[in-house]
Structure formats: structure tokens, C-alpha cells
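A.B. asks: Pulled these features from TrEMBL for this protein:
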TRANSMEM  12-39  transmembrane segment
DOMAIN    31-102  domain 'Peptidase M50'
TRANSMEM  51-69  transmembrane segment
TRANSMEM  81-102  transmembrane segment
DOMAIN    114-147  domain 'Peptidase M50'
TRANSMEM  114-131  transmembrane segment
TRANSMEM  152-173  transmembrane segment
Amino acid sequence: MTKLLPKIKIHPVFWLVIAAGTLTGHLWGTVMAFVIVLIHELGHALTARLFGWNVLEIELLPFGGVAKIDERETHPFYQECLVLIAGPLQNVWLPLLSYALLNFPFWGMNEHNLFFMQNNALLLFNLLPIWPLDGGRLTHVLMEMVYPYKLAYRRALCFSAIALGLFGVISLLLYPFSINSWIIFSFILVAIYKEWRVIPLRFIRFLLALSSGKQRFVRLKKLSVPGEMLLTEVFAMYYKNADHRLRIIGEPKSELDGIGLVRDYFKGDCEAATIRECL
Ligand SMILES: [Zn+2]
């Protein structure tokens, strides 16, 4: 059981929400939110474990949570999508549980309505295409399928920032005095900024994973690059879960193994600055 269930950590903001709920007499509602978020996160974590991923811990946030995955690993796109969808899927069956609980004396229509509202709010909010919500992560995976790794990361975060801006404007118009909205808005804004800052580190990890030889590539990308292009610029054109073949423009016989090049680069075997010098 301990192997199946990862460690569960509660984010300080969630403690704040729990404390606020207790002080304002909304303890029941806070407990419900806690259970809904926990089951949602277990959906992610257990699906990830099912695929053999190394889930380090689950962090619970007031509007969802994060299943923290070993970042040295890379996974097929279909697994990433299924793990992401497995969270919101729990919020699809949870209302049925609430209906069933109506047969018990401690669960009346008030509890049911509150549960229903909280569950649906979490479900809809979590599907917004904003990082680090599930919708935002899903957008990121879809972008990784289409764009090179680094570009996909940047586009997903830019898209998230724009979507968050829209969310902020709508919140301002509809609920200008909702403290909860502004706590969540600030939290997400900080999360996007922090993620943007670590893109270079994530990119190095991505290259290391590509060159580790442990991956089974699902696609082959053929890239044509100018000979004077810097190696680091060439690597920035690499895609996730892909093997790469490089060809220098104007030199028809110049085919290079893209992954081998990364390996040589990290080993220090390739001192060259530009791609032509590697021929
Ligand atoms: Zn989720």
C-alpha cells in the first residue's frame, strides 16, 4: 500500500483556506473541498503509478493539486494525457457518490448541494488552459506534440499568462471583492513566473533524458539546419519523445545523428561551436 500511495503534502495556502474555513464556521465545506481535491489527486497519482511512473509526492492546493513526478523520467504522450485526465475524471463520478450518501442521515440536501457545487467548480476551474492547472498542463503536452520542447514550454506558459489575464479581468468584473479569486490569481501568476525561470534547467534535463539511451522514441524528426548554426541553437529545435536526424542545408550528404550529437556534447567529445564543425 505504501508503494501504491505517494506521500501527501498540503500547500501552505491550503492550510490558510482550512483555517479560514474553520474560523468562519465553514468547517464542513472545507472538509468536503479537502476530500474532493484528495480524490482528484489520487486519480492522477494512481494512474501514473499504473504506468510505472515514479510519483514523488502529492501536493494539495486549494483548487486542485500537483502530483510531483520524477522529472528525470520522460513518458509517452498518451500516458501523460491519461494521467492528466484521470484527475478531472474523478470529479465526474463524485456527484454520484453524493447522491448515494443522501440515503444516510448525516447527508442532507444542503450537504449534497454544497458538495455538488464545490466539485463542479473544481472540475471546471481545473480544466482552464492555465498552468499549473490540469487544462494548462494538457495544453502544454499538446504543444509538445507540435512544437520543439523549448518553444512548446514557452508558448504554453505565454498562453497560460494570457488566459490568466482574461480570468483576472472576468473575476474583476464579476467578483471584484472575492479574496479567494485573488489568492488563486496571485498563486497561479507566481507559479507561471517560477516555471518560466526554470525552463533552461528543464531543457538541460530534457536533453540528458534524450541522450540517456533509456527512451523508446515514438517519432523521427528530420531537421535541416544552416551550417553556421550554434549547437545550442540546434538543440533548441529538438522535440520531445523523438529521434532526430540532422542535415546541413546545401550539403546533401551531411546526415548527422541528432541524439549522438547531444551525447558527444555532454561527454565533452564535441568541442565545436557550430553544427558544420561536427561533420
Ligand atoms: Zn488535477
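Cβ coordinates are placed from backbone N, Cα and C, and glycine is handled just like the others.
Note: TrEMBL annotation is automatic and uncurated.
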A.B. asks: What stretch, picked from 51-69, 81-102, 114-131, has the most CB pairs under 8 A with the transmembrane segment (12-39)?
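C.D. replies: Going through each listed stretch, the top one turns out to be 51-69.
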A.B. asks: Sequence-remote contacts (6 or more beyond its ends) of the domain 'Peptidase M50' (114-147), Cβ cut-off under 8 Å?
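C.D. replies: Non-local partners: 28-29, 32-33, 36-37, 40, 63-64, 66, 77, 80-81, 84-85, 87-88, 91-92, 94-95, 98, 153, 155-157, 159-160, 163-164, 167, 188, 191-192, 195, 239-240.
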A.B. asks: Determine how many residues of the domain 'Peptidase M50' (31-102) DSSP places in helix, in strand and in coil.
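C.D. replies: In the domain 'Peptidase M50' (31-102), the DSSP-based counts are 45 helix, 13 strand, 14 coil.
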A.B. asks: On the 0 to 100 scale, where does the mean pLDDT of the domain 'Peptidase M50' (31-102) fall?
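C.D. replies: Residues in the domain 'Peptidase M50' (31-102) carry a mean pLDDT of 86 in this prediction.
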A.B. asks: DSSP on the domain 'Peptidase M50' (114-147): how many residues come out helix, how many strand, how many coil?
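C.D. replies: Summed by class, the stretch gives 26 helix, 0 strand, 8 coil.
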